[in-house]
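Positions annotated as domain 'AB hydrolase-1' by TrEMBL: B:48-359. Residues annotated as active site, nucleophile in TrEMBL: B:Ser158. Per TrEMBL, substrate binding site is recorded for B:Arg228, B:Asp356. The active site annotation in TrEMBL covers B:Asp322, B:His355.
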2 protein chains.
Amino acid sequence: MEQTAPFPVIEHQRAVFPEGVTLDCGAVLRPLSVAYRTYGTLNAARSNAVLVCHALTGDQYVAERQPLTGRGGWWEALVGPGKPVDTDRFFVICANVLGGCMGSTGPGEEMTDENGVPQGRPWGTDFPSVTICDMVRAQKKLVEKLGVDRLLAVIGGSMSGMQVLEWAATYPEAVFAAAPIAAATHHSAQNIAFHEVGRAAIHSDPDWKGGRYWEDGRIPAQGLSVARMVAHITYLSEAALTRKFGRRLQGASAVTFLEDVFQVESYLRHQGSTFVRRFDANSYLTITRAMDYFDLANEHGSVTAAFANTPTRFFVASFSSDWLFPTSESRALVRALNAAAAPVSFIEIPTDKGHDAFLLDEPEFHRAMGGFLAGAARALGV
Amino acid sequence: MEQTAPFPVIEHQRAVFPEGVTLDCGAVLRPLSVAYRTYGTLNAARSNAVLVCHALTGDQYVAERQPLTGRGGWWEALVGPGKPVDTDRFFVICANVLGGCMGSTGPGEEMTDENGVPQGRPWGTDFPSVTICDMVRAQKKLVEKLGVDRLLAVIGGSMSGMQVLEWAATYPEAVFAAAPIAAATHHSAQNIAFHEVGRAAIHSDPDWKGGRYWEDGRIPAQGLSVARMVAHITYLSEAALTRKFGRRLQGASAVTFLEDVFQVESYLRHQGSTFVRRFDANSYLTITRAMDYFDLANEHGSVTAAFANTPTRFFVASFSSDWLFPTSESRALVRALNAAAAPVSFIEIPTDKGHDAFLLDEPEFHRAMGGFLAGAARALGV
């Protein structure tokens, strides 16, 4: 695989906070930049804002062309004019997470000292460790800057479901409705283990250079590609892989003892090689760590305690063939919310598409999400 | 991780076949060496021989100290004096697979030309692709050389279960009883995908050098370690990882934002770093490919056709939390054997230990295996 130079410079829409943000680890990021996109119009009552959070490798381009890949927004199936998250009706906000690589403060951005003075080089692995709660703190600043005191809803799947939960636990008065999708209240040992494989692959790429790969304009493409390959397997189900590829051969009509014998191999390698053209390795390390750290019960004593007396209404959804964030973890969340006397509805969507189903065309899920948002809007008189 | 020189030279017990063996891919390996160990004594009727096959990273030291690691045999829980595979009663044979790295002809051994003339360097990636059937062909030669026309039983788990099935399909008259454990009749798309991640990690290690790493006495330790890490996750269940490690921290009493934060990470890295001291990367590439190729139905038209009119009796076992070779695949095998009118018993062992359970202390499994062998011995008058 060709080791390409870092990505083209793209001017992302950003909000800059000169005062910065203090992180869970104690470090201060000053200034703080939050790259974001909005869709639709904030109403006069400022009551129709929906924050969409993004997952590990997502970005703020939720419902429009992604400028690096040229592909459509990652949740266009759900978000847009007339869609379940209706941008004709709601003011949709989506921000690149803290630690990301699409314009928000992250390892690829220029390092600053504690007084905000630029250091003339990227942060790299000097970027402090961030948590899901840190990501949410940064989003809260953006939301306030956009004039929104209370969000109609915070929604998101996978790592963004973690952000949704953190929003509701940390800023309950600012979240009228919350929809954590295909998520969990903590990252499991198996999920940490898969992340560690990806990190080990990046660390072992000599082009990673201890995180200082920007110095010679290379990227740890091989390691990052392997990290993406293993992660991608966890996003699909065995059934989906069998349905899409089975044991079908790549080109040859019989087993030929060559490289990339099976279609599933070529597919995975393609996933790896395209990923490295759009994602920064140090961001990948930073964000996977943030997911691993996530543990609501540890933060708050228990999950139920995290949501004690919450005013927020919840919609929890899981997908039957998701083995990365299995239904059992959503059920545990629902039980904790029930114990906290929170209004919560739960749906398990039957599908063979695995974890990725939350991004795909799942009409039953989309109808349920649309209904949940409509109900929240009606309750608020939006 | 330190890139160590290749392993110390160990004199393995070997049978050498000057005529060599012709492989499925058409290549001839000449001579063929098969490294092996035996336990117990062949009886006068030559009717008490049990062939134990080994899995991907196993070896012939099934019931004794492994000379490289100094650890006990990999199946000592099952095989030994007075154990379910009783070496006081049975003559147990175990051979290093073709393509392996413990003395049988494989990528790390000296290359020979078609006339058997040594080429003064290891095979490396010039080693031809082998299949599970090729492995079985090599074992058949060894078994004959040891004076055994018909094996009382062929047993093995995981990849060795594939060998058991190939033995019964290819040499039905030579297999009185067969026990494929935690196996399947083909390698699934998901399993191929996980293997491909491991191969990609090895290929991307600059010390792999296109397979010619022996030239400067280094090994692709980083890549092979990552391959082992991802494979190891698939050998365990989520429940086992949670029980063994959960989210427990490594040393520190709180999340410290350091490397190897969680115990599960240190454990995985340890699995990787110890593995590279005992296993050859080119063997890993060769053997994972052999597993990927395995597809009994494709070879024989159908699984039932593979066992049509078989004289062999079967014992199939799976483990409830095994997601690499799930029970559903053993059930499919049993249905095909039923359709072929083969005598077959099947047991699913309840356990949370995942695929690795076949190697561990599982009394119910051991009792069933012991009973199956005792029944076969009784039927043969052993």
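Note that Cβ sites are derived from N, Cα and C of the backbone, with glycine treated the same way.
A quick note: this is a predicted structure, and the numbers were derived from the prediction, not measured.
Positions of TrEMBL features highlighted on the structure.
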residue  : record                   : contacts (Cβ under 8 Å, 6+ apart)
B:Ser158 : active site, nucleophile : B:Ala55, B:Leu56, B:Ile181, B:Ala182, B:Ala183, B:Leu324, B:Phe325, B:His355, B:Phe358
B:Arg228 : substrate binding site   : B:Thr57, B:Gly198, B:Gln271, B:Gly272, B:Phe275, B:Val276, B:Phe279
B:Asp322 : active site              : B:Ala182, B:Ser237, B:Gly354, B:His355, B:Ala357
B:Asp356 : substrate binding site   : B:Tyr235, B:Leu236, B:Ala240
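Confidence across the domain 'AB hydrolase-1' (B:48-359), taken as the mean pLDDT and rounded to a whole number, stands at 95. Cβ neighbour count for B:His355 (active site): 23 (other Cβ atoms within 10 Å of its Cβ, all protein chains included).
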